[in-house]
Amino acid sequence: MSDKLHVLLLNGPNLNLLGTREPEKYGHTSLDEIVSELTLQASALGVTLSHLQSNAEHALIDRIHQAKGNVDYIVINPAAFTHTSVALRDALLAVSIPFIEVHLSNVHAREPFRHHSYLSDISTGVICGLGVDGYSWALQTAVKRLSLSH
């Protein structure tokens with residue numbers, strides 16, 4: 001592993017449709033635009049950023065497993081898996097990599113089934129309702145915490 005810190009950005013189901021899917025809830029910015037902006041931000045902060053978006057739970061879990069020993073921090077928007085995936089929770093626990101949970105919308109102001117997260121209690125923190133800015137805040141926080149621990 002290089003000396004450069006590595007942050008992994010994970011995005012769950014339907015986030016590939018950002019920019020066109022329910023823009024009143026999720027905004028008009030595409031996932032590609034978000035990732036491009038975060039990649040520039042990561043570079044300016046002196047860290048490496050890698051990204052995976054998948055609609056398949058197993059692909060996200062496999063990537064989390066591969067992160068062990070190679071990734072210093074995870075920023076994850078698990079999308080609908082937030083409310084359903086014990087397997088995603090177990091994968092994050094298994095690798096012991098700190099992570100921040102991000103949601104574009106305020107999940108607590110939405111349908112009751114969205115109020116529960118299987119990840120929040122094991123995360124470093126949760127950012128929700130700040131739109132695409134939440135990703136930037138999560139990346140900045142991850143880098144700050146990594147800098148303090150190294």
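Glycine is no exception: its Cβ is also placed from the backbone N, Cα and C atoms.
Since the structure is predicted, the reported quantities are computational estimates derived from the model, not experimental observations.
Annotation source Swiss-Prot lists site 'Transition state stabilizer' at Arg21. The active site, proton acceptor annotation in Swiss-Prot covers Tyr26 and rests on sequence analysis. If you look up Swiss-Prot, you'll see Asn77, His83, Asp90, Leu104, Ser105, Arg114 marked as substrate binding site. Residues annotated as active site, proton donor in Swiss-Prot: His103.
Structure coloured by features recorded in Swiss-Prot.
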residue : record                             : contacts (Cβ under 8 Å, 6+ apart)
Arg21   : site 'Transition state stabilizer' : Asn14
Tyr26   : active site, proton acceptor       : Leu18, Leu104, Ser105, Gly131
Asn77   : substrate binding site             : Leu10, Asn11, Gly12, Leu15, Glu101, Val102, His103, Leu104, Tyr135
Asp90   : substrate binding site             : none
(request) For His103 (active site, proton donor), just count the other CB atoms lying within 10 A of its CB, please. (result) 22
(request) Please work out the number of neighbouring Cβ atoms within 10 Å of the Cβ of Ser105 (substrate binding site), leaving out its own Cβ. (result) 18
(message) So, three-state DSSP: helix, strand or coil for Asp90 (substrate binding site)?
(response) helix
(request) Identify, among the binding-site residues His83, Leu104, the residue whose Cβ has the fewest other Cβ atoms within 10 Å in this structure. (result) His83
